[in-house]
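Novice: Just lifted these from TrEMBL, have a look:
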type	residues	note
DOMAIN	145-188	domain 'PAS'
DOMAIN	409-750	domain 'PDEase'
ACT_SITE	His485	active site, proton donor
BINDING	His485, Asn486, Ser487, Thr488, His489, Asp526, Asp656, Gln708	AMP binding site
BINDING	His489, His525, Asp526, Asp656	Zn(2+) 1 binding site
BINDING	Asp526	Zn(2+) 2 binding site
Amino acid sequence: HPLQVLLIFAKEDNQSNGFWWACDRAGYRCNIAWTPESALECFLDKHQEIIVIDHRNSRYFDAEDICRSIRAVEPSEHTVILAVVPRISADQEETSVLPLLDAGFDRQFMENSSVTACYNELVQIEHGEVRSQFKLRACNAVFTALDHCQEAVEITSEDHVIQYVNPAFEQMMGYCKGELIGKELTELPKSDKNCADLLDNINTFIKKGKEWQGVYYARRKSGDSIQQHVKITPVIGQGGKIRHFVSLKRLHCTNENNKQVLYFFHVIIFIAFKSNSYKCKNRRKDSVDVKSITSQSSDAPSLQTRRYSSMARIHSMTIEAPITKVINIINAAQENSPITVAEALDRVLEILRTTELYSPQLGTKDEDPHTSDLVGGLMTDGLRRLSGNEYVFSKNVNLSHSHLPVPNTINDVPPCIAQLLDNEETWDFNIFELEAVTNKRPLVYLGLKVFARFGVSEFLNCSEVTLRAWLQVIEANYHSSNSYHNSTHAADVLHATAFFLGKERVKGSLDHLDEVAALIAATIHDVDHPGRTNSFLCNAGSELAVLYNDTAVLESHHTALAFQLTTKDSKCNIFKNIDRNRYRTLRQAIIDMVLATEMTKHFEHVNKFVNSINKPMAPEETSPHSEGSDTECTANIKNFPDNQTLIKRMMIKCADVANPCRPLELCIEWAGRISEEYFAQTDEEKRQGLPVVMPVFDRNTCSIPKSQISFIDYFITDMFDAWDAFAHLPVLMQHLANNYKHWKTLDDLKCKSLRLPSEN
């Protein structure tokens, strides 16, 4: 609705006319009152958002009395009142605004009858105080919801002084609100059924900014002890410090309720499995960004804080399959259930986690064409054309490896390259510098260094000469003409994979065979990539699309060609000396990881990882006795090969799209390269008359910042939250937050390029 403005002037003059025409220009509804009585009557009728009172001459009326009378009525709580004061001469000293503030005014306006000056003042008030008041008004809806919520809600200050309780809390505890507000929690009687150190453990948790939940005995006003399920959430406020604690409490479910609870589970599971109406939630709108809150704090967050930050977001992922909700409900039901029921539910969870029920049903994203095009281009197999035009690979497979000069051993490397490779174990390693000094052949050099560090030759029982020849053949079959999908990208993914394998929890969860498979998969995962998407190949009717039935076309080709190249020539066959069973196991692991980089099953892989890895580990993460539990966690994972598979898939997926988590300059370079490749695809689709898979990637109109924001929002954030919660990656998460801020800044300034013009 248009803003409403009330002008209170004793008589019409240039100043009143100036505000009147300013309201007209701004599209506001304006009323004018000439007396205090008519002003109050008009305000009680219209509830205007802005009131302008003439304070230049007290001969006609007392402006401060009018302001006080308006402030005395309830609707004025969210109204901004402006005092028009007389202009002062240059030799006069400006008077204090405190008397105006004491009378109830919010601002003063120095007399100026210019319509533009009045317009500017009103527009600034709208964009500042008025919008803030709108948000405060919305709090009424929040408190109405709290008042009708069935869960007991208690809000305290950082010093545990009670500031709010809802009716459900009053009913549960037997107190009236007036008996609790302003009291410290320590003043209320405690139940003697809790463990002696429980309160200390809770305080230790929440003071560190971690959410605590568990079972707690509370004493009602009548003296009875009741068992509650409590969740206490710290709320960050001014200065990046904890300013409030929000407690949600409900009566703890007793064993007598189990039959009824299980009945409802059957109903819920049935509904979830049958429902076809589940849609993705709208991404990132009106949600609190945990990273932005963290980055604003003056204190650098600790590793533990980041771990719990990511773990907390795992439980509220914005893209969630129906089956995930079912698993959450069953997990909650297992708490304090009889052993027979808990075991039965364990069996249910085991079955659910091994079925193909994890992919969300994606809704349309018409309101965001960048996201829509990314989903269409990366997660579908294209639109079948009827013309029969075919897109055929023009590049011949390159089996030669004799014409490329490479070192005989890892120790025989040029000093400039060796110096760069000394830094390859750090996340901020600059792959583009290696690309430059190796003449666009970084994969061989980085591969030799990384494979030596992980003992790949020893595991495969092959010589370093064979390994070098294999790396040379693989790199020769990457297309250096691609701006993005070339051997530099492969080397970058290999580097990220090696970095992840070095993290303690990842290392402890995988066997040596898994590590070797992951490094080989990273090396070959995009070999012979044509610089076009699967959708393009399907639409063009390419030979590969026909061969692989429009399903995971490129990923199937990468693995098939890599094994072809490897086994065709004994000089580069790194598998020739391992026994058949080990080869089959290794080959299957490599194929599985490369196929996991195909995006149509992105959300399935992420949801499976969250449900099978993150959530079972969450109780140990949040336990006060979690120190030293990593060994137990990884031991449990090793007992379940399916979990190791999920970790390997998640690892290579994160390595494949880790560009937004790289240092800003590297992130910008990668964004430019992938955009150029998508631009080239759009150009070719238009030339060939093919369906344009990603219309926003038109080099003349595309906003690269918008495309990066959509990609991070839709694909990256949830996945890296899950991976960070497992692998503990604070450096990556900080880079991600910084890079997102960079793209948002460019987008807010309507800049479509990689940098601000002043930075180019």
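Each residue's number is its place along the chain shown, starting with 1.
Each Cβ is built from the backbone N, Cα and C atoms, and glycine gets one as well.
Keep in mind that TrEMBL annotations are predicted by a computer and have not been checked by a curator.
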Novice: For Thr488 (AMP binding site) and His525 (Zn(2+) 1 binding site), what Cα-Cα distance in Å is obtained after rounding to a whole number?
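Specialist: Per the Cα atoms, Thr488 (AMP binding site) and His525 (Zn(2+) 1 binding site) stand 12 Å apart.
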Novice: With every protein chain in view, how many other Cβ atoms are within 10 Å of the Cβ of Asp656 (AMP binding site)?
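Specialist: I count 22 other Cβ atoms within 10 Å of it.
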Novice: Identify which of the binding-site residues Asn486, Thr488 has its Cβ surrounded by the largest number of other Cβ atoms within 10 Å, counting every protein chain shown.
Specialist: Thr488
Novice: Using Cβ-Cβ distances, find the residues under 8 Å from Ser487 (AMP binding site) that belong to the same chain and are at least 6 apart in sequence, listing them in sequence order.
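Specialist: Counting only residues 6 or more apart in sequence, the Cβ neighbours of Ser487 (AMP binding site) under 8 Å are Lys440, Arg441, Pro442, Leu443, Glu475, Tyr478, Ser480.
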Novice: Can you list the residues of the same chain, besides His489, His525, Asp526, Asp656, whose Cβ falls within 8 Å of the Zn(2+) 1 site's Cβ centroid?
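Specialist: Residues close to the Zn(2+) 1 site, other than His489, His525, Asp526, Asp656: His485, Ala490, Val493, Ala522, His529, Thr597.
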Novice: Kindly state the mean pLDDT of the domain 'PAS' (145-188) in the predicted structure.
Specialist: 89
Novice: Radius 10 Å, atoms counted are CB only; among the binding-site residues His525, Asp526, which position scores highest?
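Specialist: Result for the most crowded candidate: His525.
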Novice: Fill in the CA-CA distance, His485 (active site, proton donor) to His525 (Zn(2+) 1 binding site), as an integer in Å.
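Specialist: Pair distance, Cα basis, whole Å: 10 Å.
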Novice: Cα distance, His525 (Zn(2+) 1 binding site) to His489 (AMP binding site), nearest Å?
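Specialist: With the alpha carbons as reference points, the distance is 10 Å.
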Novice: Around His485 (active site, proton donor), how many other C-beta atoms are within 10 angstroms of its C-beta?
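Specialist: By my count, 23.
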Novice: About how far apart, in whole Å, are the alpha carbons (Cα) of Gln708 (AMP binding site) and His525 (Zn(2+) 1 binding site)?
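Specialist: That comes out at 23 Å between the alpha carbons.
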Novice: If you run through the domain 'PAS' (145-188) with DSSP, how many residues end up as helix, strand and coil?
Specialist: 18 helix, 12 strand, 14 coil
Novice: Largest pairwise Cα distance, Å, within the listed AMP binders His485, Asn486, Ser487, Thr488, His489, Asp526, Asp656, Gln708?
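Specialist: Across His485, Asn486, Ser487, Thr488, His489, Asp526, Asp656, Gln708, the widest Cα separation comes out at 22 Å.
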